[in-house]
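Peer 1: Sharing a structure below in structure tokens format, with a few things to ask.
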């Protein structure tokens with residue numbers, strides 16, 4: 001990396017020249033609302049009338065309007081943003097469309113977000129970076145459930161400035177009473193959700209009324225047009241007076257071998273010579289040198305990308321945060337957060353995910369679902385799971401201590417996403433409310449006897465052998481034979497059987513998806529303790545979900561976990577039915593029974609697959625023993 005470490009002569013420190021003209025601030029805005037409220041039409045006309053559409057794109061727009069337009073051959077401005085073939089064919093927005101706009105008074109980055117319920121995740125993407133939201137409402141339909149859902153998401157993501165565009169006023173006869181009723185109800189709802197700044201404007205985007213200039217057709221309205229408001233609205237600039245928060249993105253080297261820490265200042269100001277703390281470790285140092293935009297500087301402030309060199313050799317890198325020593329960043333391994341759930345599969349307490357916050361990625365578990373939020377009012381409702389597009393409050397437990405700031409104070413260090421560790425898909429977006437102090441006074445006790453000494457005493461390698469398969473597949477029979485074989489060879493074992501564990505440790509759990517997740521979480525933790533004791537642990541559970549089996553695997557060292565799939569067709573397992581469970585399930589007397597009305601997800605990469613159709617239990621048990629002793 002080429003870094004110019006020279007400070008520019010005579011330059012003014014950034015923090016001493018704050019932006020005072022709101023018109024020069026870059027404004028990021030999001031357009032949202034219900035389906036077919038006219039979002040794309042409004043933004044397209046803004047771009048067109050502001051002269052920001054090149055000639056070749058105007059020509060392409062004319063051709064697209066003739067082929068796909070909805071205005072009888074006239075220019076369809078929505079097509080400027082509806083770029084996907086599926087969008088043009090259906091006349092809706094599916095993806096988030098980003099456009100730049102610059103007028104003589106301001107620069108804008110505009111996101112046109114989809115209105116369909118199934119694309120709420122896309123809308124959340126725009127809200128996470130927006131300074132202001134344009135919420136469109138069809139004057140002929142009024143406020144709809146999706147409108148309230150969008151306001152709730154805006155509130156959760158900290159968007160405090162809203163332009164309410166009551167669109168299609170031409171179809172409502174430009175009736176002021178219609179406009180006033182919608183605006184009054186919307187303002188009252190937004191205020192309850194903590195969105196204090198709402199400016200309502202009557203518009204007819206298709207014909208251009210009040211889009212860029214005030215329209216004589218709406219003579220009773222005396223406020224600004226949409227563009228006039230956007231050019232003059234004052235939003236919250238990054239506050240340089242807040243304590244320093246600098247999430248570190250990467251470690252760089254200059255030509256002399258110097259070590260630099262790069263990132264974007266999330267809050268506050270830093271100067272050469274300032275003392276800093278590296279969070280969450282707490283190491284202290286000071287700023288020895290500073291680079292902004294590739295050139296040496298003496299100062300930087302919130303919003304600027306920087307590279308800093310510390311005066312001391314301390315452990316600092318990606319995922320750490322530089323903070324002011326007199327205002328350290330909060331850190332914990334447990335937090336309370338709000339989450340908007342994106343995945344078709346439900347959020348279940350006990351499930352594990354990858355959490356990305358700031359520049360840090362860490363394993364996380366949903367340790368408690370406190371409530372589900374009403375999609376319109378955000379009032380808490382009792383819930384055991386979150387379904388697609390639902391919002392809830394939960395407790396997250398991290399695999400390591402994480403530095404953070406409540407989202408209300410800093411989106412950069414308080415917002416996060418949840419990623420499915422199997423599919424790598426983003427399944428949720430969240431906002432931290434506060435940390436929990438439950439573990440602050442709990443520390444690992446140093447013990448003289450560790451797992452290596454216990455294993456050495458027994459003369460064996462600890463292992464966890466996890467048998468999975470349908471009820472009646474033969475898991476417990478094979479596991480029992482494996483334990484007998486290992487015992488005969490002088491090895492120390494323990495068998496955790498699904499039915500037996502439910503007589504004691506897990507007797508309080510049922511068979512819903514939520515209870516199955518918790519059942520396996522507890523068993524995995526017990527198996528981990530037993531391997532720490534030096535044992536070979538045999539776990540025989542249906543364990544129908546891949547996510548829980550993978551979560552169990554993460555508790556063990558490399559090569560210590562052996563997944564064994566007892567592969568028995570459903571018809572064979574049902575024909576055996578020694579316990580009569582399949583018969584009960586078929587009669588509807590046993591709900592949530594795996595294979596009948598609850599799914600079983602076969603392993604994709606099990607260490608060992610036992611095909612029960614081709615061999616007896618004794619032979620299959622010998623395969624497991626041979627694998628363990630290999």
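Just so it is clear, glycine is given a Cβ too, placed from its N, Cα and C backbone atoms.
As annotated by TrEMBL, domain 'Tr-type G' applies to 24-239. Marked as ATP binding site by TrEMBL: 469, 470, 471, 472, 473, 474, 475, 476. Per TrEMBL, the feature active site, phosphoserine intermediate maps to 543.
So that I understand the layout, could you describe where these features sit and how close they are to other parts?
Peer 2: The DSSP secondary structure for residue 472 (ATP binding site) is coil.
Around the Cβ of residue 543 (active site, phosphoserine intermediate), 26 further Cβ atoms fall within 10 Å across all displayed protein chains.
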Peer 1: I'd like the number of other C-beta atoms within 10 A of the C-beta of residue 474 (ATP binding site), please.
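Peer 2: I get 24 for this one.
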Peer 1: Give the number of CB atoms, excluding that of residue 476 (ATP binding site) itself, located within 10 Å of its CB.
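Peer 2: The Cβ of residue 476 (ATP binding site) has 19 Cβ neighbours within 10 Å.
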Peer 1: Note the Cβ centroid of 469, 470, 471, 472, 473, 474, 475, 476, the recorded ATP site, then list each other residue of that chain whose Cβ lies within 8 Å of it, in sequence.
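Peer 2: So the extra residues in range turn out to be 542, 566, 568, 573.
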Peer 1: Would you mind listing, in sequence order, the residues at least six apart from residue 470 (ATP binding site) in the same chain with a Cβ closer than 8 Å to its Cβ?
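Peer 2: Listed in sequence order: 542, 568, 570, 573, 594, 595, 600.
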Peer 1: Including all protein chains displayed, how many Cβ atoms other than that of residue 473 (ATP binding site) lie within 10 Å of its Cβ?
Peer 2: 26
Peer 1: Quick one: Cα separation, residue 472 (ATP binding site) versus residue 543 (active site, phosphoserine intermediate), in Å?
Peer 2: 13
Peer 1: Within the chain of residue 475 (ATP binding site), which residues six or more apart in sequence place their C-beta under 8 angstroms from its C-beta?
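Peer 2: Those within reach of residue 475 (ATP binding site), by Cβ under 8 Å and sequence separation of 6 or more, are 467, 468, 469, 540, 541, 542, 566.
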Peer 1: What are the sequence-distant neighbours of residue 471 (ATP binding site), meaning same chain, six or more residues apart, C-beta distance under 8 angstroms?
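Peer 2: Looking at Cβ-Cβ distances below 8 Å from residue 471 (ATP binding site), excluding near sequence neighbours, one finds 542, 573, 579, 581, 582, 593, 594, 595.
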